[in-house]
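What follows is a single structure, written as structure tokens, with notes after it.
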Amino acid sequence: MEMDEIQGQKGPTVSHVNNRGDPESPSTDSYQQQAEQQVQMAPDAPEPKVSLSTILAVFFMGLSYVPAISAGLLLPTGILQQIGQQLGDTDNIIWIPGGWSVASAIAFSIAGGLSDVFGRRWVLMSGQLLTLIGGIIAAVANSTLQVAAGVTIIGFGAGTIFVGYPGISELLPNKYRGIGLGWTEFCINIPWGALSVYLATQLLIKATWRWCFYIAIIYAVICIAGTFVCYFPPSRPQHDFEKSRWQEFKELDFIGLALFAAGLCIFLVGMTDLGHTSYSVPLVASTTSIGAVIFIASFWYDFTKPKNPIFPFKLFAMFREFTVHIIILFISGMVWQAIVTLAPQITLYAFTSDPIDIGIIMIPSTMSGVLGGWIIPSFVHKIKHIRYQIIFALLMQCAFTASYAAVVPSNKMAWSAMQLFGQSCFTWVTTLAYVSSGLFVPVEELGVSAGLLGTSRSAGGSVGNAIFSTIMTSVANKNLGNNVAGAAIGAGFDPSNLGALIPAVIQNAVGVPFAFDAVPGATPAVIAATGAAFKETYSHAFRIVCYVSIPFCLVATAVAFWVKDPSHLLNNHVAVQQEKEVLSGVQRRPEAVVGKGIDES
């Protein structure tokens, strides 16, 4: 195909893209119709031919999730306690995953909106650079808070890198978007995420925990180089060719961005502190309430004031096509993140204190992302019926999460195996949400829509982690002293020595050697009885968590019935093409890269 022919191929332009907040812009119904019209084409076109240059771009976008998530978050989270012990501060280890969650939630929506204006290439590369910087800081850290600072910067990078979700979706034929998004989950999970606890423990024992971040640094460098060479998406996704970059910058919704970032940050900091064992009630109450008010105010401002809002109301008005997925991911993410956080803890307290055994028991849980995030979504264009897939996945999450209560602490094998299916449901639903909403939302809003989905996912996880961790901690603390004391006295222990016994029971449960040596009268019978009481106390607290999750899961399932099924749009249409194909040397004008039936280059 000749260069002039390629440059002259133009897809449908969209008249409303430059007046997102203009009162004279098309109605919401027209907005939805135009959005769907962008992808409801070429259903009978020849089988898509995706260029090798596009495949390489997708490859490096997916690989970017390894330093941002797998090495930068999952590996160190698997050995948090050990990192804190080596650095002499276990009180602040919660801020390692907590800082990542807050930072990524804030960055995702902001980066998504900015990538819709300035293009995804440089936004994505800035996230990769932040991940590299954060990895270096964490790798050389000498305190827990320094590690938390580095991981927080990685979190900002991860939230920015998440623009890869819309970036991958828009480059691939609609029918293959599930495969493309599944590639990101493959990169996250194989091997680092799926074996995160086991591999992190091996690094800790045989080398140093700092290798978690050395791995992040290595991957970040590779991804920056690969993205720089191979990824050239549309530089002006909103087709505002008549504006200079400086004019675009001046027109940014800075007030809306500031309110959104400040509100979400304050709220999530409060929720993260709530998950701390010694949280401050006034601090949590003030930060969550003030943060929530500012966060809500950011949307009120965006819906009513600016000419070019970062979060256009018409996007949220697409309830069945978009907003319903925000609700589902928030609620489902609450339950999923709670189990992710509490499962290693209950494995330690109820089954074994051996770190290698814990890592092996948790392999099915960490492998769940492969099943739900990669294998099943790769067949979405064959299975179709996306709405029913979402409903089924949510019902599975509800059933398996509730069923955990039946196997803890009595059945280690069942506890391990069931997590493969129970935890896979959320990644399945998440991938389907990106595929589904991405087929309805206009291509020039893909970044902000994906960002809001990611923020909902992260915020829901933070809220769920705080709520369910607080439930488990409060129930366990309420019953632990009486249960251990009763078991000890029943085994013939002298009640006057209970003050020394209970701390020893806790230390013994987490694997501290010779924990009972300084406790008078700690016979084998007393040790066995108190150990069983400790195990049952925490198992009971975890069962309460499982029961409390049921109504949340049922609400998410009920909401899923409003999802609009996009299966009829899983065709050969490609939203955009790259402006430059590295391997073939093809270059296209920025205005000629939108709305292709198939990728013919």
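Cβ from N, Cα, C; glycine included.
Checking the ranges 94-115, 512-533 against TrEMBL, the transmembrane segment annotation falls on 94-115. A contact between the transmembrane segment (186-205) and the transmembrane segment (50-74) is present, since 3 or more of their C-beta pairs, 6 or more residues apart, lie under 8 Å. The average pLDDT computed for the domain 'Major facilitator superfamily (MFS) profile' (50-523) is 90.
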